[in-house]
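Right, one structure below, let's go through it.
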Amino acid sequence: MTESATAGLSDLDTGPGPLSHQLDTVPLAEGTPDVEQPFAELGLEADEYARIRDILGRRPTTAELAMYSVMWSEHCSYKSSKVHLRQFGDLPPSEHLLVGIGENAGVVDVGDGYAVTFKVESHNHPSYVEPYQGAATGVGGIVRDILTMGARPVAVMDSLRFGRADAPDTARVLPGVVAGVGGYGNCLGLPNIGGELLFDDCYAGNPLVNALCVGVMKHEDVRLAKAEGVGNKVVLFGARTGGDGIGGVSVLASETFDAEGPAKRPSVQVGDPFTEKLLIEACLEIFAQDLVTGIQDLGGAGLSCATSELASAGTGGMHVDLDRVPLRDSTLTPAEILMSESQERMCAIVEPDKVDAFLAVCRKWDVLATVIGEVTAGDRLTVDWHGERIVDVPPRTVAHEGPVYERPMRRPADLDALHADDAAALPRPATAEELTAHWLAVVASPDGADKTWVTEQYDRYVRGNTVLAQPDDAGVVRIDEESSRGIALALDGNARFARLDPYAGAQLNLAEAYRNVAVSGARPLAVTNCLNFGSPEEPEVMWQFAEAVRGLADACRTLGLPVTGGNVSLYNQTGDVAINPTPVIGVLGVHDDVRTRVPTGWRAAGETVLLLGETRPEFGGSAWASVVHGHLGGRPPAVDLEAERSLGEVLGALGRERLVTSAHDLADGGLAQALAESALRYGTGATLQLGDDPFTALFSESGARAVVTTTDPEAVRTTAEWAGVPVTELGTTGGDTLAVEGIAALPLDELRAAWTATLPALFGTPEATVGSVPAGTVPTS
Amino acid sequence: MRIGVITFPGSLDDVDAARAVRLAGAEPVALWHADHDLRDVDAVVLPGGFSYGDYLRAGAIAARAPLMQDVVDRARKGMPVLGICNGFQVLCEAGLLPGALTRNSHLHFRNRDQQLRIERADTAWTSSYGEGQTIVVPVKNGEGRYVAAPAELERLEGEGRVAVRYVGGNPNGSLRDIAGVTSEDGRVVGLMPHPEHAVEDLTGPSTDGLGFFTSVLKAVVSA
């Protein structure tokens, strides 16, 4: 691409050529069929452009072309992924699902009349171009999706992946992304309750920034995005529309980065969390007064998306006077206004006699609100600019009937060689000293290390309902102070497993998130996902994507969990190098009484440490193979969903009956990582016996396992064995070492030093500049 | 006993402050920044958050809200006022407390469980504690570094106006580890840490923060 999308558009509306200084209206388009249009610069294929001409029976106007180009982008239309994603919609209906896939976010019944809506979304490309704003507006966008459903947003999580931790570009991207996630979420007053931080070469140039938001409402408060009722008003409210984020979904999110291309920074939106906070409070008051019949947020594709989706999901007719849209920049062209992704905006459908009350609430919260149009009879979306018609389209063709591709797929040519390169053949530690060294290396690796450097930048306390947050396995939030009802959430996405086998990898990721929710004592209820892959135009990437979707759908069917929604991020590749397939899976669980939640750390001495589940020699894609040998090969651990379900039931029962004092899931880094984290959480060690093969015990990443501590091992054993879950006694808590008989006694101080030093060493240690400041020694600034 | 909690545009911890008031045994009363109406409250809490998005300076715009004129008038006559985090910033901007809060010295927002020493156990908001008592409550801020001119600091120390001090590490570079200060009459207290986030075992690192809210019950009764 040699020209930016906006330049292509401006040429038509204001630049040189046959239409210079002339508004491109529908009558003009009818009379000038042969004008060349910059569809390619806008990211449209020639056949897609031809189809638009077919639909309209003429060439599109500049404004129409802008709308189609953003709405038919990969990001908005899911044109490459749709044929696969249908499997989620085909899952058997769940009694807990109140609103399914297709709305802004699915809604789940969590009991006592409460409904929860949650979703994870990517903001990968913007975060690479402009880390702070990219990440910040990623949080802002997902929060608006949740708000749009009628819910009060109550927490956020973030799942982050960067290139090698010591790569120079990681030092540019990571601090900005973390500050952006924190800056926006903190200012909104939403606790950040957990997530992931992982590093791999494959994300250099394509960092992944996936943000999750969860919201809570009563069943009767669910809102939908549709425009119904002829004569109802279309109200745009929130921030003014500016020139930021134009073409964000098309030229940025739906194309591969290219070293020679123009700077894409203008395609990144700029966030204002203060305005979003006001928008949240205004919306919740508007909902409480029952002032809207439909509502939609403006995110990717801005007004093009909001108007066409509202109209398409409703009766079809809508008219908008685009010149009424309040602008930050009065020089914007109509097409730019339609494409702008300026943040903190919402669009509501309001009955005429409620408009005054609606505007009054907005005034109270200092939120700008403007009636820009109304619902009309018929099935056309029309847009005028100072009285002249510039858009006249059937909205379904814009929003819901975009192109659908059955992209060619091919199993990656290197997969057999990868499978043959079995991690089981790697040299194993020969001595107790080596074993200890490998243990420390895994725990101190950037993926295994303490994440406080990041999470200290996030507010986890605001709203006063955070029961568990990072470093616990799941985030747990109380949703009712009277009944102590609560929810648990986890996000997981092991891309090494998915690289070796995307079908199994997606299932293993689901299993891990399911387990993380279960160890907190919650009952898993529903699934969301963010599918991060390379270019769909590469058959091998498309195969990975299809396999991951099939694996996730099959696993959800087995576990009886609905997929409530999700997000697909493609084109995560630079040149012809794609990221490892990274399906990030979120699981929502419910706590009937959040006071029975189970934390991950050991607190007291003298408790019995038990391992639940079966350990097999499985090292393919393991943290040990990666950290110690820089190796990725073999097969990922076997998937056993029945074992996951049984383990989950046992953990839930143990939590409710208060039979365990802690529980920690086993995943990346296996038992080695889980033991270290459990001991370091509150500084309580343990003396353990790991049997004849301590290497396998420590580093295998077999699924369906958890470590628990208890004062009543017999009761735990009875409960577990009743459900068919094997129990192995590992030892007893206490002391200030993590001691494995016959192998090592790791002093917790030494372990903690290794575990906590990694991220500050890489990304700077604020502590050094602060310390404790003695009285009178620091001059005032 | 009615304790008001003011909501400014961008206030975030107002629900938390109201909960803490309730758990302490008083009635929380929601106050709106734009009203000239203190609704017959006996004391006021200015909660944490990012009022007006921290635009201009943290707390600067909120300090000029209509309701703040009433708060300042009543505070000068002895009504107890507690400012937490952004509320502390507002009190400094409104001239009720000395000093200012600037960007953390390390330039990061930081959220951690923080040890504090109660330096003054005879203010309206700290009488439930013992002097020198150490408590643990969350601290979370990006602009929490307490500063004042050297002479002002000397005066504050001399007058015993430092109410709360950071111990076991200074989270933001505050001068002399100052976490909170009090007015001369001990009725107005501002601090950066968040006692309202440490009022329940289930959600806080401790319940040490509750003492701020129980203290004021005694202060109002004795006033």
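Backbone N, Cα and C atoms are what each Cβ position is placed from, and that goes for glycine too.
Taken straight from TrEMBL:
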- A:H75: active site (ACT_SITE)
- A:H123: active site, proton acceptor (ACT_SITE)
- A:Y78, A:K119, A:N529, A:G566: ATP binding site (BINDING)
- A:E121, A:N567: Mg(2+) 1 binding site (BINDING)
- A:S122, A:H123, A:N124, A:H125, A:R144, A:Q269, A:E341, A:S342, A:Q343, A:S569: substrate binding site (BINDING)
- A:40-79: domain 'Phosphoribosylformylglycinamidine synthase linker' (DOMAIN)
- A:102-217: domain 'PurM-like N-terminal' (DOMAIN)
- A:230-385: domain 'PurM-like C-terminal' (DOMAIN)
- A:472-590: domain 'PurM-like N-terminal' (DOMAIN)
- A:605-736: domain 'PurM-like C-terminal' (DOMAIN)
- A:1-21: region 'Disordered' (REGION)
Helix, strand or coil at A:E341 (substrate binding site), per DSSP?
coil
Starting from the Cβ centroid of A:Y78, A:K119, A:N529, A:G566, which together make up the recorded ATP site, report each further residue of the same chain whose Cβ lies within 8 Å of that point, ordered by sequence.
A:L85, A:I101, A:V120, A:E121, A:T528, A:C530, A:L531, A:V563, A:G565, A:N567, A:V568
Name the residues of the same chain, 6+ apart in sequence, whose Cβ is under 8 Å from the Cβ of A:E121 (Mg(2+) 1 binding site)?
A:G138, A:G141, A:I142, A:D145, A:N210, A:A211, A:L212, A:C530, A:N567
Among the substrate-binding set A:S122, A:H123, A:N124, A:H125, A:R144, A:Q269, A:E341, A:S342, A:Q343, A:S569, as the record gives it, the longest Cα-Cα distance in Å:
20
Within the domain 'PurM-like C-terminal' (A:605-736), how many residues are helix, strand or coil going by DSSP?
52 helix, 24 strand, 56 coil
May I ask for the distance between the residue listed as 'active site, proton acceptor' and A:H75 (active site), taken between their Cα atoms and rounded to an integer number of Å?
11
So how many other Cβ atoms are close to A:N529 (ATP binding site), meaning within 10 Å of its Cβ?
31
Distance check, please: Cα of A:H75 (active site) against Cα of A:Q343 (substrate binding site), rounded to an integer number of angstrom.
17
Count the residues of the domain 'PurM-like N-terminal' (A:472-590) that DSSP assigns to helix (H, G, I), to strand (E, B) and to coil, and report the three numbers in that order.
45 helix, 41 strand, 33 coil
These are the recorded positions: A:H75, A:K119, A:H123, A:R144. Which one scores highest on other Cβ atoms within 10 Å?
A:H123
If we count other C-beta atoms within 10 Å, could you say which of the binding-site residues A:S122, A:N124, A:Q343, A:N567 has the fewest?
A:N567
Would you list the DSSP helix, strand and coil counts for the residues of the domain 'Phosphoribosylformylglycinamidine synthase linker' (A:40-79)?
25 helix, 0 strand, 15 coil
Return the average pLDDT for the domain 'PurM-like N-terminal' (A:102-217) as a whole number.
96
So how many of the residues in the domain 'PurM-like N-terminal' (A:102-217) end up helix, strand or coil by DSSP?
48 helix, 44 strand, 24 coil
When you rank A:S122, A:R144, A:E341, A:Q343 by Cα distance to A:N529 (ATP binding site), which of the binding-site residues ends up on top as the closest?
A:S122
Between the Cα atoms of A:R144 (substrate binding site) and A:K119 (ATP binding site), what distance do you get, rounded to the nearest Å?
11
Within 10 Å of the Cβ of A:Y78 (ATP binding site), how many other Cβ atoms can be counted across all chains shown?
18
